[in-house]
Amino acid sequence: MTTPSFIPSVNFHLIKPCNMGCKYCFARFNDVASKSLTRGGLPKEDALAVVSALADFGFEKITFAGGEPTLYPWLTDVIELAKNKGMTTMLVTNGSRLNEAFYLRHAGLLDWITVSIDSLSVGTNLAIGRAKHGNQVFAREDYEVIAAMIHDYSYRLKINTVVSRYNHEEDMNDFIAHAKPERWKVFQALPIVGENDEYLEEFEITAEEFQQFLGRHGSQAKLVKENNDEMRGSYAMVDPKGCFFTNVNGQLEASSPILTVGCDAALREMNYDLTKFHDRGGRYDW
């Protein structure tokens, strides 16, 4: 198999809305006018066409994100199409809408479920804004149940943790050891102009503080870290309007719509960094 000359995995942020309000979220898409979208995302046929274009171009893995992607009414349809076109399929979710019906419905279609878990403390999650409708907060026990069910239904589990001023002193070793994710991505909270900079003083941490969190969890073999520099420009991402976008300059900048100019032309408008993608461990056994 030839090695692609472009980043071979893509994140499709299907939908703008979310049922939580994490202060350091970089994907609020404040420039996306909801009135131009159906329920905050592309209409079904357009979303399917974007997925088809991405698959036909040669992307090998697609991660459906948001907002909160489980709010997207045609989530199953886009996952099924991606799977049928031979892509590895992944979902990034806050876990609030995962249940037995979801696991059964997506069996054989969805390969990975990534759960965003920043803290095991109710108080910390509330401070972060990781609370459903602002007040329904997950505790450690809730996350343990989610992880167990993902394993029980034979999905591959990944956990994403954003390290910020709120949680940088936390110890998650025992939880991670019990949750047994195949991959634990640990991100330094990333400031993005126009998305989360209003809360910058609340969540921003230094490189040293991030390193201290990593050092505390150095025994976790599945940990993959990403600091601010490693994150910028190393992801191929599609926004809820069906445009590629990048964060390389510290703000979100979008391409022309994929369905208007085609995947190749839209991708050429971006300055994604394939070397950075590989350096951060972006290619793995997916």
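For all residues, glycine too, the Cβ spot is worked out from N, Cα and C.
Annotation comment: Swiss-Prot describes 2-223 as domain 'Radical SAM core'. The [4Fe-4S] cluster binding site annotation in Swiss-Prot covers Cys18, Cys22, Cys25 and is backed by sequence analysis.
Note: the [4Fe-4S] cluster site is recorded as Cys18, Cys22, Cys25; in the same chain, Met20, Gly21, Lys23, Ala27, Arg28, Gly67, Asn94, Gly129, Arg130 also have Cβ atoms within 8 Å of that site's Cβ centroid. Between the binding-site residues Cys18, Cys22, Cys25, the minimum number of other C-beta atoms within 10 Å of a residue's C-beta occurs at Cys18. Mean pLDDT across the domain 'Radical SAM core' (2-223) comes to 92 in this model.
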